[in-house]
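Copied from TrEMBL, the annotated features are:
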ACT_SITE  T40  active site, charge relay system
ACT_SITE  H43  active site, charge relay system
BINDING   C38, H63, E64  Zn(2+) 1 binding site
BINDING   C93, C96, C99, C107  Zn(2+) 2 binding site
BINDING   I175, D195, R200, L262, G263, I264, I286, Y287  NAD(+) binding site
DOMAIN    12-338  domain 'Enoyl reductase (ER)'
Amino acid sequence: MKALSKQHSEKGIWLTEEPKPEMGHNDLLIKIRKTAICGTDMHIYNWDEWSQKTIPVPMVVGHEYVGEVVDMGQEVRGFEIGDRVSGEGHITCGHCRNCRAGRRHLCRNTYGVGVNRSGAFAEYLVIPAFNAFKIPDNISDELASIFDPFGNAVHTALSFDLVGEDVLITGAGPIGIMAAAVARHVGARHVVITDINDYRLDLARQMGATRAVNVSTESLDDVMEELGMSEGFDVGLEMSGVPMAFRDMLDKMNHGGKVAMLGIPSEDTAIDWNQVIFKGLVIKGIYGREMFETWYKMASLIQGGLDLSPVITHQFKVDDFQQGFDVMNSGQSGKVILNWD
Ligand code: NAD
Ligand code: ZN
């Protein structure tokens with residue numbers, strides 16, 4: 001089968017011919033229709049320090065996808081051939097305390113599809129049936145293929161009550177702008193999002209942000225004054241991974257504010273702890289998606305009218321994958337989809 005794999009320990013990704021993956025008793029064989037390129041795939045593509053330490057070479061990469069069930073192991077229940085599915089890319093152990101308590105997103109033995117084991121950028125993918133999620137008929141293949149990052153946005157945004165609250169999102173990457181749309185949809189008052197990339201700030205406006213602020217040219221204090229927010233933000237969603245953005249966020253939070261952190265900083269980050277202590281801030285780390293509560297919420301949010309369509313800015317045939325990786329690297333994109341059928 002055709003696949004995109006990390007063939008060499010250097011920058012790049014290669015279109016290769018791979019054996020069709022083998023299925024175990026509890027697995028599904030999925031024929032992939034569409035995949036999306038994640039920020040993680042870009043780290044792997046660019047072969048940064050983290051990838052060099054983490055990714056086995058050679059390996060098929062990718063973990064954002066939609067496809068169709070074409071075969072299943074003999075122990076699988078609850079799926080049928082022809083089901084349209086996406087899937088949770090975090091494979092959990094099932095035997096640690098958190099797994100046994102139903103908190104699979106906190107499994108200490110998690111490993112990742114397309115990171116620690118063969119991924120979805122291929123004509124066929126095998127995953128445990130437990131990890132698959134059936135996509136309702138009225139949700140398009142395009143949207144289904146981005147459920148993994150959409151789930152990061154939903155998990156983060158729904159960590160705290162947003163109804164009537166003022167929300168600050170730092171980082172207008174694909175996940176930040178989806179979180180902005182979710183925050184508005186569920187009833188936040190002002191949703192202010194920051195970035196230093198005007199293309200992405202423009203997408204954030206299309207997704208419903210109250211204000212999209214380029215912090216390299218505009219001051220958040222001015223924006224807050226203009227919006228009549230004298231006290232600060234109630235909820236912060238850190239989605240840039242940039243230390244300066246996190247420090248700014250802590251400074252702009254109201255007393256008693258709540259911060260959910262998804263962005264992964266690439267270096268040690270010093271903060272002003274007095275902001276946390278004297279304001280009584282609550283800070284929560286977010287990893288992945290809740291299994292599978294976040295997945296049900298995603299489907300329901302879309303069925304309830306949440307419009308994510310502006311976030312998908314590019315689609316390519318898989319043979320033109322290089323264009324997809326180039327546009328992702330340029331920063332002039334939202335989600336980029338590769339078509340396999
Ligand atoms: P992304 O890199 O596309 O987006 C980050 C954005 O932050 C970019 O648009 C960048 O221009 C912007 N930025 C840079 N400097 C900034 C500043 N000073 N202020 C505000 N914004 C600034 O990433 P993404 O795919 O949208 O993901 C968001 C973050 O979440 C990344 O850090 C990613 O690594 C992380 N992530 C975490 C998890 C998890 O499970 N915790 C899962 C997926 C992604
Ligand atoms: Zn576990």
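Each Cβ is built from the backbone N, Cα and C atoms, and glycine gets one as well.
Taking the Cα atom of each, G263 (NAD(+) binding site) and E64 (Zn(2+) 1 binding site) are about 18 angstrom apart. Neighbouring residues of the recorded Zn(2+) 1 site, listed in sequence order and excluding C38, H63, E64, comprise T35, A36, I37, T40, D41, G62, Y65, G89, G114, A120, D148, P149 (Cβ within 8 Å of the Cβ centroid). A helical conformation is recorded for C99 (Zn(2+) 2 binding site) in the three-state DSSP classification. Taking each of the binding-site residues C38, C96, I175, L262, I286 in turn and counting other Cβ atoms within 10 Å of its Cβ gives the largest count for I175. Checking the recorded positions T40, H63, C93, C96, C99, Y287 against ligand 2, the ones whose Cβ sits under 6 Å from it are C93, C96, C99. Screening the recorded positions H43, H63, C93, C96, C99, C107 for a C-beta under 6 A from any atom of ligand 1 leaves none.
Local packing around the binding-site residues C93, C99, C107, I264 was summarised as the count of other Cβ atoms within 10 Å of each Cβ; on this measure the leading residue is C107. Geometry remark: I264 (NAD(+) binding site) versus C107 (Zn(2+) 2 binding site), CA distance 19 Å. On a Cα basis, Y287 (NAD(+) binding site) lies 16 Å away from C93 (Zn(2+) 2 binding site). Cβ neighbours within 10 Å of R200 (NAD(+) binding site), excluding its own Cβ and spanning all shown chains: 23. Look at R200 (NAD(+) binding site): DSSP puts it in a helix.
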